[in-house]
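Only one structure is covered here, and it is reproduced in the block below.
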Amino acid sequence: MALAHNLGFPRIGADRELKKALEAYWKGDLDQTGLRAVGQQLRAAHWQVQKEAGIELLPVGDFAWYDQVLTHSLTLGVIPERFSPAQDAAGLPTLDTLFAMARGASNCCGASHGKTQHAQELTKWFDTNYHYLVPEFTQDQRFQLSWEQLFEEVDEAHALGHKVKPVLIGPLTYLWLGKAKGDSFDRLELLDRLLPVYGEILGRLAAQGVEWVQFDEPVLTLDLPQDWKTAFERAYHSLQYSPLKKLVATYFGGLEDNLGLAATLPVDGLHIDLVRAPEQLPAVLDRLPSYKVLSLGVVNGRNVWRCDLDNALAALQQAHARFGDNLWVAGSCSLLHSPVDLNREDRLDPELKGWLAFAVQKSREIAILSHALNDPEATEVVEALAQSCEIQASRAQSSRVHNPQVQARLASVTAADHQRRSAFAERITVQRERLKLPAFPTTTIGSFPQTSAIRLARQAHKQGKLSLNDYTDAMRHEIRHAVQVQENLGLDVLVHGEAERNDMVEYFAEQLDGYLFTRFGWVQSYGSRCVKPAIIFGDLSRPQPMTVDWIRYAQSLTDKTMKGMLTGPVTMLMWSFSREDVSRQVQAQQLALAIRDEVLDLERAGIKIVQIDEAAFREGLPLRKAQWQQYLDWAVAAFRLCASGVRDETQIHTHMCYSEFNDVIKSIAAMDADVITIETSRSDMELLDAFEAFDYPNDIGPGVYDIHSPRVPETAEMVSLIAKAARRIPAERLWVNPDCGLKTRGWPETEAALINMVAAARQLRL
């Protein structure tokens, strides 16, 4: 019999119960007993809802108080020395150790006077919008079983009568995700010390009556060096003698050159992602022995659309012919990346809601597909397949999805639409003459502090308690304050502060046709931080101007230059749930045309500088380098399409906030923004090496202070950083600005830091 299973399930709860409990605990409003009770209730509810959906083998170990990689670090005893005082008397970690590692802690390792030990680094989980805590390894790293959570949860699930499959991050993926600290060394040197602890974990699980364990090894979808491939063989040969059956789970891409390795590992089963890489199925069917289990991920774990059951079933039937009862059905990856339950959405348009599926509904789709293999004539199977066909046809034919005007406009785009009228060298001369800015011009990235007054006004307006006129007055008051502060500080190019914006994507998405919004479509970003991405369901267009009135008002308050502030097409796309029926490239082009219209309206309103933020530009890179150039080509083209309609004298800025430029510097240059502002202060300007080596041709504003900290930098520090930048970039092409927007900071530290920043620029002009 084919079997239905999940690789993982969301942990936050349908009403974000985990987020609320965590934040209450951190504030001291909930004790640890209460927090643990919430976790236990969520786990029980999630196991039950999956079981009721028809999932036969339930994941255990997918629950985490903050992040699954952090939980695994505690399990293996990988706890940086600076957090040792947060452990118990026996030297073992506690829940507070876990939170200290995630959030930082005071008075660790002999620190006194409230000094905070910094948290572990947070970074993206492969190419998703989830973030994990990066393990820190030392050359003398020791591993020991130190955290009982997994075993306790297996007991919990067994007590409730569930058949479970514990989920572990595989040893090679775990080492790959970590960073070497202190002396440089090869992380693979740690493998032989790590494997005995995995063996101990497997022994404990076997003693609990577990039959199958899932090893998540998504690094098998990456470009792996040969020594890592060899290490895979060594690791799994070492673990093959444990009494448990092992399923190696790969996802987020195809196995490609790692297929031979994955197919011959001494394990009992292999999971592959057929959503991201459907083309790999024939090769896997050819290479994987039929006595092993093949788990096919046919339901998309990373998006919100209902599965095309007919299409998925065709692939499953092809595999079923060879693997028979050794075929398992699953999501493409953990459902962690999907919202929890569509049934909570009681205000969605019924037609649009019918096209969607969240984690609970995806679990049901997985079960139906498994049932279809085992009993194709069953009534529920026949009905589900018929309904799926109707829904897919409805969506494919809907006039709400397809807009002929948008499609015609896109078809009429020419190469000239992607080109500024003149080269940068000519444009910058005209712009400098028009703007008349001093050397080392000062500006900020866009947002100013979002105070409680701003948030309360926005909330009251959304709830209908504050009229549009009163809300507009409240936001204009905030804009006046932001402009006055900037003028008093002596900044050269001003911003309006973005008081009216709740989020840099959602604000624009709410004003574009082709987007829909949920009330409960939350997914975890990390810890207690959840995001509710907008959903692109149809062709995208801008019915009317989105920012012009606000920016025009701000410009009316000052004689200084006011920047228009927009979010770029790639970032809009990457931070939304996108369509599956058209390519990301097409969606980016549609967004680019909508933003182009806004840019031109701002120009017509007399705005001399327009900033188009592309914070997610690098995040869109595929996991395999061979696929990078195709992405970079269309991402650059989308930016150029939205930015290239303006006259030479209108200056286009872009902002990027990430820490690696070397491998994409040519593409960043190809965007042809007149000015790029970037995050560099934490790297002590080392990131500018990429711009120096490549001889980046346009203006640059390297961030001179870190906005993620409340610390106010001294003027001398910023002078030093700008001087360092000037050794790499000609001084006449340098701008002076913070690393990122100031939305999360308070006004006192913001003003203090900007006073020093302006002073630094003035000092350099002498």
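Each Cβ is built from the backbone N, Cα and C atoms, and glycine gets one as well.
Same-site candidate for Zn(2+) binding, as annotated by Swiss-Prot with HIS655, CYS657, CYS740, chosen from GLU679, GLU714, GLU717, GLU751: GLU679. Residues ARG16, GLU17, LEU18, LYS19, ARG529, CYS530, TRP575, GLU619 are given by Swiss-Prot as 5-methyltetrahydropteroyltri-L-glutamate binders; from LYS124, LYS436, LYS462, LYS465, that same site also lists LYS124. Among GLU487, GLU498, GLU660, only GLU498 appears in Swiss-Prot as part of the L-methionine site alongside ILE445, GLY446, SER447, ASP613. Between the CA atoms of GLU619 (5-methyltetrahydropteroyltri-L-glutamate binding site) and CYS657 (Zn(2+) binding site) there is a gap of 11 Å. When the alpha carbons of LEU18 (5-methyltetrahydropteroyltri-L-glutamate binding site) and SER447 (L-homocysteine binding site) are compared, the span between them is 30 angstrom. In three-state terms derived from DSSP, CYS530 (5-methyltetrahydropteroyltri-L-glutamate binding site) belongs to an extended strand segment.
CYS740 (Zn(2+) binding site) has SER447 as its nearest neighbour among the binding-site residues SER447, GLU498, ASP613, going by CA to CA distance. Maximum C-alpha to C-alpha distance over the listed L-methionine-binding residues ILE445, GLY446, SER447, GLU498, ASP613 is 13 Å. Overall, the recorded 5-methyltetrahydropteroyltri-L-glutamate-binding residues ARG16, GLU17, LEU18, LYS19, LYS124, ARG529, CYS530, TRP575, GLU619 cover a maximum inter-Cα distance of 29 Å. Checking the recorded positions (ARG16, LYS124, SER447, GLU498, CYS530, HIS708) against HIS655 (Zn(2+) binding site) with a 10 Å Cα-Cα cut-off leaves nothing. Separation of the C-alpha atoms of ASP613 (L-homocysteine binding site) and HIS708 (active site, proton donor): 18 Å, rounded to the nearest whole number.
Of the recorded residues, LYS124 (5-methyltetrahydropteroyltri-L-glutamate binding site) and CYS657 (Zn(2+) binding site) place their C-alpha atoms 13 Å from one another. Geometry remark: SER447 (L-homocysteine binding site) versus ARG16 (5-methyltetrahydropteroyltri-L-glutamate binding site), CA distance 27 Å.
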